[in-house]
Protein chains: 2
Amino acid sequence: MRKSIATVSVSGTLTEKLEAIAAAGFDGVEVFENDLVACPLPPEEIRLRADDLGLGIDMYQPLRDFEAVPDDVLKGNLRRAEYTFELMNRLGADTLLVCSNVSPDALPDDELAAAQLRLLAERAAGHGIRVAYEALAWGRHVSEYLHAWRIVRTADHPALGVCLDSFHILSRGSDPIGIEAIPGEKVFFLQLADAPRLAMDVLQWSRHYRCFPGQGGFDVTGLVRHVLATGYAGPLSLEVFNDVFRQSDARRTALDAMRSLIALEEALTPDGVPPVVPSGFAFAELATEGSAELSGILSALGFARTGTHRTKPVELWEQGGARVLLNAAPAESADEEPALVAIGLETPDPAASVKRAGKLLAPVLPRERAPRDAPLDAIAAPDGTALFFCRTGHADHPDWTADFPRAEPVPEGDVTGIDHVALTQPWQHFDEASLFYRGVLGLRPQESLEVADPYGLLRSRAMAGGGTRLVVNIARTVARQASRQHVAFAVRDLRALARRLRADHPGLLLPIPANYYDNLEARYGADPEIRELGLLYDRDEEGEFLHLYTVTAGRVFFELVQRIGGYDGYGAANAAVRLAVQHAERS
Amino acid sequence: MRKSIATVSVSGTLTEKLEAIAAAGFDGVEVFENDLVACPLPPEEIRLRADDLGLGIDMYQPLRDFEAVPDDVLKGNLRRAEYTFELMNRLGADTLLVCSNVSPDALPDDELAAAQLRLLAERAAGHGIRVAYEALAWGRHVSEYLHAWRIVRTADHPALGVCLDSFHILSRGSDPIGIEAIPGEKVFFLQLADAPRLAMDVLQWSRHYRCFPGQGGFDVTGLVRHVLATGYAGPLSLEVFNDVFRQSDARRTALDAMRSLIALEEALTPDGVPPVVPSGFAFAELATEGSAELSGILSALGFARTGTHRTKPVELWEQGGARVLLNAAPAESADEEPALVAIGLETPDPAASVKRAGKLLAPVLPRERAPRDAPLDAIAAPDGTALFFCRTGHADHPDWTADFPRAEPVPEGDVTGIDHVALTQPWQHFDEASLFYRGVLGLRPQESLEVADPYGLLRSRAMAGGGTRLVVNIARTVARQASRQHVAFAVRDLRALARRLRADHPGLLLPIPANYYDNLEARYGADPEIRELGLLYDRDEEGEFLHLYTVTAGRVFFELVQRIGGYDGYGAANAAVRLAVQHAERS
């Protein structure tokens, strides 16, 4: 299907926008009036520029506050329309978006609206232009898409049809099934946007919080199915007003936009290739940057260095099913510090995983491979972390662990594997990260949470599927800890492990304030061992959660978790305490 | 009146919060449970710390979801209450905030609520504690303050009263006059917060967008009058949840908070000293940082260098009533650039102006004065700009212009004076700036506007009064132009001036795209001269506005404006075009 996007959806000047949109592979654009008015190029040159970039101008938008007005207002409105038609002829655009009138001049008169839109369509047709009428969710008298369709049907002019916009329809809670009442040839245009579920004024919601399909809470795919059922064969066009995208790199936003349409198209195709969902973690790779802190912590936790890479300064540390790579390659700059740089994900078919990631525009990373190394395909996650697709310990696929000849047996201790990994995104990329992990890895996003940090707020969203749990954090804070990442190990008996660690390794675990335990006991009753061992505790309807944290090395710390029963969370209730203690740790 | 603030209102750890709050001069605090739980100090030490700082702990908050529950839930709730009482005894706090139940356990039964709150009050009294019951705006069954009062009256226990919170009352649109139905001795506590008028879910509004009294749209002063009418003699306590304050410097936020209470108290006092409203601009001072660009632009605009400071490298440039100081003092660092560094404001009584500014905690600037210089008192605005209080050309006060012996007569050209000055704030200080200019200078804030910038959004608020117009901007954008400032000159006949400037000084004025004029003509009809001269145009019901901009030097540019009729705006409709062209100017 033809893929378009409104110029308002990405940042920059009009020419920068067109370049970014073309680079992401779009077929066409909707030119937004404000972008054109502020552009120093005449419309003819904008047309040539778009043409050179392989972009069609699929729509010009919007003409506002046109219909259902008294005669004296109509005169001025027709002057605006004539200007717009001439402009569109210069621009080479043949579809005009007319959105339902929001002005106090508008009359609640559908017959008048139909008559004036018919007049507009007649004039438009004289310029080879067609008019797509859209119900804005906050239109003064026309705010429902079926109402707009009733007016268009009454007007009955071949150059007049409707424009459907998923935001305007779904934000009002309208049922999109009614779309199938509209003949496909009367659906002149389809605009798509998703949005998080927010209880706020719909105009503000629309202007600031729209996002790309798959990033929010609307069933955009379901809506598109209804539109396609009408026989609509025009573009899928994204129209997203978003405060964050306005401040982000246009090329990155445009790629993200294209990814959302590829995923949407795939969801519409019954025989589309489903994502290859990883079944768990093969490893977490940490750059040590010359510090022995990380190996010290791992060793204390019961890990052993079981192997060293044949050709690279990388050590394999293991315990149970948990594997950590410590990479001692020299830091590129002096202020580098220990950090999580890569994650290995177990997948039944690494080649299919990387192919799918590439299809969804994930950057596939080049690999410098020594002659005997096992092939390992990797992509870059939105925060720059490398994601490797692995198939560990299966005869049908080369095993990456073969590059780490084992010098020692794998210790079987309390740690059984990696429970989850928490990554910190730059704040602009929260929505992008959700879509990325959902589309590329098939993980299901959970509700995003907000946690108070002493110096700001942390927004956090867990994504899980097939045994893999990732937590994506962003921080709106001035504190340095905003960039922390962590690896959480699953532990069989955390009380036992904590007892041993408190005894043998004082200073290894994050100290938890006594006030926390007073409060915890008030809520859940006393469990003196939890206080004595300095554990954190949470519960939900399904079970209980014990966890604790190590001190931080560079940007990285470790969490130890024990899930009891069907507890499926991450101890979010304790995050504010953890953040406060971590701050004190550094100051 | 006693002044308090909830610890949640400022950033940092609990001890950092207490220090910042004490430094701002508060008498007491409300300790927020989350702050205490995350604090490594035991309650006894927190009490000592507060005591050392001269702070009373006026309230501990909150105990949630207590009242109107089934018996089995009550048992656990009483356990939480007992823990809280013991904690409060250790902390030395004698008032507990209980907010209305939001849990699904709560029953719609006022008798039950009253009976359980009575039981709670009895237990509290045993610990020397009193309970202040508050209706949360989103309480499950109790969300109106008069409903909370009805329950408290039914419970009829001396240790039970109400807590009133201006946000919970005003956000629901409740009439605060009903407060006078409550006996003053039953108003146990008063929490104050303002908020901008937003159409959104009240819980989200409360958690993220509260602000200090005078920064938002509520009549907090009116509400406090009703509370004082009851005989209430407790503290005025600020409780503000605000995402920006969470990320801001705690000491600065605490000072801002105190300023809001000082201004509020003043508004309550019939014989309070009103602000000395400036009557206009005495001058704008620009640091040239070694560049001749600014003098070149001023000269082209018709200004002449009329004098030079006796002892400092500062030139006085004048035209009509517009005065600009060019300060050639060497830049402190190599990357400094021309910038607006000070504004002179005309006031009938400079000493009274600076005294009032000091009372409202504005930083009074030290002045290095040469022996013969006229005394000039200055304060620092929130963005660091110096504000000088002047009395120019009056025999009753030393005249600062005497320090600039006039070498040339003041030219009378098209520029008649300074119309307004636009300052750019760091994004954290928008609310602070509004309160500052309102409180210190008595300017009236207008509605804030949002303008699309190619790389973000600009938020803008004009503040005016007594012939002085200031525009306060903040930019959420990655673009460098975010920090621009400008001085707008009032012009008698902008068409004539523009004609002369276009002819004699090509390249001086910002070029406006032809597309802008096509669009303008479509809206308002053709005025070929406006297009030919490259003017910008706006109109409202009261009149018309012509304006244009010079190119930028460093961070500074000039605007030329002509107000026709009663037009009282700033051409906001054209700001997006201006920003787009300014970006292109630099790239």
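In case you wondered, yes, glycine gets a Cβ from its N, Cα and C as well.
As the structure is a computational prediction, the values presented were derived from the model and not from experiment.
Around the Cβ of B:Asp165 (divalent metal cation binding site), the number of neighbouring Cβ atoms within 10 Å comes to 26. Annotated divalent metal cation binding site per TrEMBL: B:Glu134, B:Asp165, B:Gln191, B:Glu239, in sequence order.
Summarising the annotation, TrEMBL assigns domain 'VOC' to B:417-551. Here the domain 'VOC' (B:417-551) has, by DSSP, the following mix of helix, strand and coil residues: 47 helix, 59 strand, 29 coil.
Using a 10 Å radius centred on the Cβ of B:His420 (Mg(2+) binding site) and all shown protein chains, the other Cβ atoms total 20. Taken from TrEMBL, the feature Mg(2+) binding site applies to B:His420, B:His486, B:Glu559.
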Residues flanking the divalent metal cation site, with Cβ no more than 8 Å from the Cβ centroid of B:Glu134, B:Asp165, B:Gln191, B:Glu239 and excluding those residues themselves: B:Leu97, B:Cys163, B:Leu164, B:Ser166, B:Phe167, B:His168, B:Phe189, B:Leu190, B:Leu192, B:Ala193, B:Ser237
DSSP three-state assignment for B:Glu239 (divalent metal cation binding site): coil
Cβ-based isolation winner (fewest other Cβ atoms within 10 Å) among the binding-site residues B:Glu134, B:Glu239: B:Glu134
Binding-site residues compared (B:Gln191, B:His486) - the one with the fewest other Cβ atoms within 10 Å: B:His486
Rounded Cα separation (Å) that holds between B:Glu134 (divalent metal cation binding site) and B:His420 (Mg(2+) binding site): 45
Residues flanking the Mg(2+) site, with Cβ no more than 8 Å from the Cβ centroid of B:His420, B:His486, B:Glu559 and excluding those residues themselves: B:Asp419, B:Val421, B:Ala422, B:Val471, B:Val487, B:Ala488, B:Phe489, B:Phe558, B:Val561, B:Tyr570
Length of the line joining the Cα atoms of B:Asp165 (divalent metal cation binding site) and B:His420 (Mg(2+) binding site), in Å: 38
Cα-to-Cα gap, B:His486 (Mg(2+) binding site) vs B:Gln191 (divalent metal cation binding site), nearest whole Å: 39
For B:Glu559 (Mg(2+) binding site): intrachain residues, at least 6 apart, with Cβ closer than 8 Å: B:Asp419, B:Ala422, B:His486, B:Val487, B:Ala488, B:Phe489, B:His547, B:Leu548, B:Tyr549, B:Thr550
